[in-house]
Structure formats: C-alpha cells, structure tokens
Amino acid sequence: MANVVVIGAQWGDEGKGKITDLLSRSADVVVRYQGGVNAGHTIVVDDKVLKLHLIPSGILYRETICLIGSGTVVDPKILLKEIDMLIDNGIDISGLKISSTSHVTMPYHRLLDEAMEADRGSNKIGTTGRGIGPTYADKSQRNGIRIRDLLNEDRLRDVIEIPLKEKNGLLEKIYGIAPLNKDEIIEEYLDYGQRLSKHVVDCTRTIHAAAKNKKNILFEGAQGTLLDLDHGTYPYVTSSNPISGGACIGAGVGPTLIDRVIGVAKAYTTRVGEGPFPTELQGSINDQLCDRGSEFGTTTGRRRRCGWFDGIIGKYAVYVNGLDCLAVTKLDVLDELDEIQVCIAYELDGKEIDYFPTNSDDLKKCKPIFKKLKGWQCSTANCRKLSDLPENAMNYLRFLAELMEVPIAIVSLGANRDQTIVIEDPIHGPKRALLR
C-alpha cells in the first residue's frame, strides 16, 4: 500500500493527466486537491480523446473513487458538462465524489477575472479568465460560497447576499458591466446543486476511511510547481498551491500519510501566458517543438511557449516538493533533433549561479548556460522498454536524472496509454535507484 502525490515539476501542462491515468489502475482513491477549471488534462483511450478540467483522471476506472477535494474551486456548470461528456462516452461516473466544502466559482467571479485582466493592459498576468483567482480571493476573505450552500435555498440566499452586492458594485461602477440578478443566479445554482447532490461527501472522512482500510490513495495536482502561489514565479502564478505540500491542505490529510511524491516533467519545457522563461526558444526549433508536441492549452487553446529542458527549475521542483522520482513525458517530441540542449546553470549579473532565483525580476535577467547533447534522430514512439530506446535517448534520460539528482520511474513516448515505459510502479515498487 502506498499513497502517492503526482505534481507538475515545471509550469504546468507536463502530461500529469496521462501519468495519473496510468497510476490510477493501482489506486483505490484519486483526489484532486487544488485548482479549478483553469487546469486541463487530455487522456486518449481507445482512440477517444477525453479532455477533463475538474474530474480526476481515475474516473475511467470503474472501481476507483474520484474525489474533488476541499482545496479545489468548482465551476458546477463546467463540471456538469464534463459529467455529461463522460456519460455520453459510456463511462460510469458513480465513483465521482465532491467535497461539500469546495468553494464555488460564481458568474461574477468569471466576469471580474476577465475585466481585471483586461484592465491590466501590458501588465497582464495571463489568467485563463475562468474566475479562479476571484473565487480563491473570496475564500480567503471568508466571503465565498461552498458546494454545501447549493443544496439549500435559504442557505444560498443568505450567503450570496454580501458577495453579490459587493461584486455588482465593482462590475457596474468600475468596469461598466451590468449587475447580475440575484434570483436568476439562485435558481441556476440551486439546479446545479440538485444535480450534483448525490456526489457530495465529507472529503476528510472519505479519505480517512480509505486510509484506515489500507487503500491506495493517489493525490492529483493541477498546474505546476513554478505556478505555485507561494513558491512560483510570482505574480505570474495561479491562486493555489500545486506543490506536494498543497495535497495535505487541499485534501485534509497529514504529511505522514504521504508515502511518495512523483514529479512529472516534459523532456523540454513549456509555459503558457506571461512571465519569465529563461530557456525559451524562438524560430524554427520552437515551432518544431510546438507542432510536434501539439503545444496548445487544453483550457484556453493558447499556443504554449517552448524551450529547452531547464535543470535549474527541475532541481528547484525536486527540493520544494521532496520528489522521490520523475515521470519524463514527450520524449518522442525530440526524436528529429540532431542536437538537444539542457540548461545546467544561469548567468545573473555576470555571475554563474546554480539555483532558482525566487525573485521574478532576477529570473527575467537570467541567461541560461547550456550543455549540448547529441540527438537520436529516429522514432521512439514504439519503444516499450528501456532497451528499445536509442543509445542517445538513454544518455539524455540519464543526464536528466543525474542533473536533477532524482531517479526516473516512467518515460512517456506519446499520448496513448501503451506509449509508456514503466521502469517501476511508484505505487507498488520499492524505493530504489532508477536510471541513475
């Protein structure tokens, strides 16, 4: 039995959905512990492409409990669309559970998110415009609406009074947007509550019962380490804590319950939205990575910025998450390159540094120092074990493991489930050196 946290080791979009889907085969419970519909993961099953934003990837396994935890923010309209999509694809969603204390993204959150981002002009953060930040802000101000509030009309009427009055004032007087109608919102969201009610549970009790019965629990993070509110490239971050420590807060468990932390990292680096990106590429190689890697956001559809693998942010992710092992994804995207570069240090103000500057202004000034490695220039898409990989691909993986000082447990070579080399199952396997 092992309880495992899966986190993104870069700026999100690392392929966590596929890795979580893979590990969910061995999990009894999968818990999404933070974020909202600003996240997106794509899973390919039997040539079907399923795009999810809120529901954990484990929903594809009939016997698995999939819990949207207390640390998430839920847009019930989008959640119900996901539920309907899964049902239409013949997927049983009886295992879906939603924490009664998850906060709800309301219509005024989305409107404010879009208006505030537009108002920033050239200083925009790159938000998805899905209302995530304003929802978390209301939560912190103790002014939020929770899933449990959608189950009782009197309760909803009471708790919406103050935030709606406040938000309508902002929308109308500052942004020139027509105020929202209270009764219309209440009617709409009570209907959402009624449709979701059979899935609503006490998050902490559900997880505690599973742990007491020695079940395998998988904690699924959204976004990535460098988007963490406290430890990322602030202010170009999300509004929650994707790092492994966020699993304890968002799921309501103690750190001693966590047995292992696996970080997911692409074989190169991407970022969507604004913010510093030391290894960002321009020109033909950037276009090649973007096209071969289908680097367009699941949530926004925006083209992702692409760059070489950054070992400095990788080592930072190892440290702040306490990573036990890595899953390296999209190795196949590098197949056609004759030379691959990896950032091994930065130059900041004329001095070489080997650490991640937590000040975004300093990070913007950092120039990457690269190590050049030979490419393999042949397809890896059909490799199913390490011995199938070209020698230079193996050398590349070994170099990443040595640079980040953490073993590699999984290598992904495409979107399909079977395009994966599992060196060791992070749930069932013992902790030992892999690819080092």
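Including glycine, each Cβ sits where the backbone N, Cα and C put it.
Some features that Swiss-Prot has for this protein:
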| type | residues | note |
| --- | --- | --- |
| ACT_SITE | D13 | active site, proton acceptor |
| ACT_SITE | H41 | active site, proton donor |
| BINDING | 12-18, 40-42, R304, 330-332, 412-414 | GTP binding site |
| BINDING | D13, E14, G15, K16, N38, A39, G40, H41, T128, R142, Q223, T238, R302 | IMP binding site |
| BINDING | D13, G40 | Mg(2+) binding site |
| BINDING | T298, T299, T300, G301, R302, R303, R304 | substrate binding site |
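Annotated features taken from Swiss-Prot, shown on the structure.
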{"residue": "D13", "record": "active site, proton acceptor", "Cβ within 10 Å": "29"}
{"residue": "K18", "record": "GTP binding site", "Cβ within 10 Å": "26"}
{"residue": "G40", "record": "IMP binding site", "Cβ within 10 Å": "19"}
{"residue": "H41", "record": "active site, proton donor", "Cβ within 10 Å": "24"}
{"residue": "T128", "record": "IMP binding site", "Cβ within 10 Å": "23"}
{"residue": "Q223", "record": "IMP binding site", "Cβ within 10 Å": "30"}
{"residue": "R302", "record": "IMP binding site", "Cβ within 10 Å": "13"}
{"residue": "R303", "record": "substrate binding site", "Cβ within 10 Å": "14"}
{"residue": "R304", "record": "substrate binding site", "Cβ within 10 Å": "22"}
{"residue": "L331", "record": "GTP binding site", "Cβ within 10 Å": "25"}
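According to DSSP, K18 (GTP binding site) is assigned to a helical segment. On the backbone, the CA of Q223 (IMP binding site) and the CA of R303 (substrate binding site) stand 16 Å apart. On its own chain, G12 (GTP binding site) has A39, A222, Q223, G224, L227, P242, V272 as residues at least 6 apart in sequence with a Cβ closer than 8 Å to its own Cβ. Rounded to the nearest whole angstrom, the C-alpha distance between G301 (substrate binding site) and T128 (IMP binding site) is 10. Here D13 (active site, proton acceptor) is positioned 8 angstrom away from G40 (IMP binding site), judged by their C-alpha atoms. Comparing C-alpha positions, K18 (GTP binding site) sits nearest to H41 among the recorded positions N38, H41, T128, R302, R304. Here R302 (IMP binding site) is positioned 16 angstrom away from G15 (GTP binding site), judged by their C-alpha atoms.
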